[in-house]
Amino acid sequence: MFILSEMQDIVAVVPHHFKNQLKETLHNSLNWRFANKVIVDLGLCVCLYDILHVGDMFILACDGRGHVPVRFRFIIFRPFVDEILEAKIVSSTEAGITLSVGFFEDIFIPMHKLPCPNGFEKTEQTWYWAYGQEEGEPPTKLMMEAGSTVRFRVVENIFKDVRPDPNDEPSKNEKSFQVIGQMMESGLGCLTWWNNEGEEDEEEEEDGEEQSANGEEDEDMSAE
C-alpha cells in the first residue's frame with residue numbers, strides 16, 4: 001500500500017528562517033510542499049521519511065532567499081495491483097461504490113466488479129449482494145451500506161494530469177489519482193458477511209468437541 005520514493009528538490013529558505021536549524025526548516029518546507037499532494041504516475045505523498053543529502057546553499061541575484069538542493073525520501077500511497085485492502089463505504093451510485101481508507105477517498109468499485117448477482121436500491125442508494133438460498137427460496141439481500149467496512153482487491157491505479165478550470169464544472173470533479181478495485185471473489189465484500197460465517201463455523205466446531213468429550217465420558221462410565 002505504501003512505497004518509499006527517492007526525490008530531489010531545491011528548497012527556498014527565507015532570511016528570517018536562517019537562524020533555525022536547517023534540517024528542521026527543510027523538513028517543514030518539504031512536508032508543506034508535497035504532503036497530501038498527488039504526483040502523477042507516482043501516487044499520493046503522505047509525509048517525509050528522511051533527508052538523504054543536503055547540498056550547499058546558494059543565493060540568486062536580486063533574491064534574498066537561500067536555495068538548498070535536497071535529496072530525500074517520501075512515503076507514498078500507491079496500492080499494488082492485486083493487493084487486498086480494507087476500506088469503508090463512503091457513498092453509492094448506480095455506477096458503483098466509493099470507498100475511503102481515511103486519508104484517501106478516491107477508491108471506486110464499478111458496478112460490474114461488485115459481488116454477483118447484485119442489485120441497487122434506488123430509494124436508499126445502496127447496493128446489495130443477492131446471496132443464494134436453498135432451491136425455491138428467494139435470495140437474501142446482503143446490503144452494502146455507507147459506513148460498512150469492506151475488503152477489496154486492487155485492480156488498477158489511474159493517474160491523470162488534471163488542471164482544474166474554475167469556469168468548467170466537469171473539470172472540478174476530475175481526479176488526478178484514482179484506485180479501481182473489485183469485490184467479486186470469495187472473502188471480499190463486507191467483513192460482516194464472512195465474520196458471521198466464521199463465528200458459525202467456530203460454534204459448530206465447539207459443539208462437535210463438546211459432543212466428542214461427552215461421548216468419551218459416557219464410554220469411560222460404561223467401562224467402569
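Cβ from N, Cα, C; glycine included.
Source: prediction; values computed, not measured.
Summarising the annotation, TrEMBL assigns compositional bias 'Acidic residues' to 197-224. Per TrEMBL, domain 'RNA polymerase Rpb7-like N-terminal' is recorded for 9-63. The annotation domain 'RNA polymerase III subunit Rpc25' is assigned in TrEMBL to 83-194. If you look up TrEMBL, you'll see 190-224 marked as region 'Disordered'.
Secondary structure of the domain 'RNA polymerase Rpb7-like N-terminal' (9-63) per DSSP (helix as H, G, I; strand as E, B; remaining residues coil): 16 helix, 21 strand, 18 coil. Taken through DSSP, the domain 'RNA polymerase III subunit Rpc25' (83-194) splits into 11 helix, 53 strand, 48 coil. The domain 'RNA polymerase III subunit Rpc25' (83-194) scores a mean pLDDT of 90 in the predicted structure.
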